[in-house]
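In TrEMBL this protein carries:
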type     : residues : note
ACT_SITE : Thr45    : active site
ACT_SITE : Thr122   : active site
DOMAIN   : 36-224   : domain 'L-asparaginase N-terminal'
DOMAIN   : 243-355  : domain 'Asparaginase/glutaminase C-terminal'
SIGNAL   : 1-18     : signal peptide
Amino acid sequence: MKTQLLVVLGLLFGLAAAVERMGAPKVLTPNYVNKKLYIMYTGGTIGMAKTDQGYAPKPGFLQGLMNKSPAFNNQPLPKYVISEYSPLLDSSNMVPTDWLNVAKDIYDHYDEYDAFVVIHGTDTLAYTASALSFLLGNLNKTVIVTGSQIPMVEPYSDATNNLLGAIMAAAMYPHLPEVTVYFKGSLLRGNRVQKLSSWDFAAFDSGAFPPLGTWGGSLEIFSDHLLSAPTQPLQLYEKVSPNVITILLYPGITGDLVRRLIFPPKGDARVEAVLLLAFGMGNGPDANQEFMDVLAEATQHGIIVVDSTQCFRGIVDLTHYATGSALAKVGCIGGMDMTPDAAFTKLAWLLARTDLGQGDERLNKVKSLMQVNLRGEMMGPLVPNM
């Protein structure tokens, strides 16, 4: 157990040390001459207007502000087209079918445009960025998801800098082979980000994984941090399972409550997987026998239980503490260092795939792939073409 932990910690500290030793970054050469971008405006704070009920999305409002802004008109910018979604959504109202719509939109316009920007609300932005990373297989064009904490209409807003930065980054580096998030001068891996603040302009962070790029006097992309370019054509996955639930552990959680969440009344949709947001390194209340019995029953019925951590910077190791190994004994699998957003969307994506077989074969493949690095969402060697 100690050996495994030391290996994990060694990987984390080794990554940090490598980043520190790098000094001057190995950067890619920017080129945005005659680039053509496709911008998908799904909604969010960035284009909201004041109403009697508070800020709300307003059709046409964001593009009207951009048309009047010197930032978007008084300098050479790449060519871009804005596709405004209808209805525009506060991201709290977004659902998995919206992830599929954005992925399909990118796929449909993939050959026509050089790179893509998704304007999105911040509340569920990390879910969408993670989902897109799985739904778009063999991606070899830049996709940047961005938004703002304050509407563009307000005088002290982060909207212009974020949107302009995303547009310029996408045009300058149109062949970054991953879904990214651009916020307050940092370009982050999309399936590594979490929202940290509801008011700070640095709203997102990718934890122990370093930024893919930073914007100071110029935009620098750290090529050593990027995924390898794919050799296969873009592949679109068009389904996600709606039968994944998240359970947040808290002191005193009861087995009866967990049972009612995992085993709904007859006639309701069957739960296929549970994302268990556990304490620390994946620990749970192993002294609560009723709770442990429910999890054991779930895994025996073919329900996948993925143990993830509630910590922003953390990793699950179910061998380190007895309270973690007890969860492994009842069939839970560890989520390593995946964010809750990435683990949830990865589960939903894998469970909807029809190429993983049937019955026990499918179950075992999904469990195995949840513990393998497919899109840079977790530490470990990358397994391509999955």
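Just so you know, glycine gets a Cβ as well, placed from its N, Cα and C.
On a predicted model such as this, the values are computed, not experimentally measured, just so you know.
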Count the other Cβ atoms sitting within 10 Å of the Cβ of Thr45 (active site), across every protein chain shown. 24
In whole Å, note down how far the CA of Thr122 (active site) lies from the CA of Thr45 (active site). 8
Counting only residues 6+ apart in the same chain, whose Cβ is under 8 Å from the Cβ of Thr122 (active site)? Gly44, Thr45, Ser91, Gly147, Ser148, Gln149, Lys195, Ser198, Ala203, Phe204
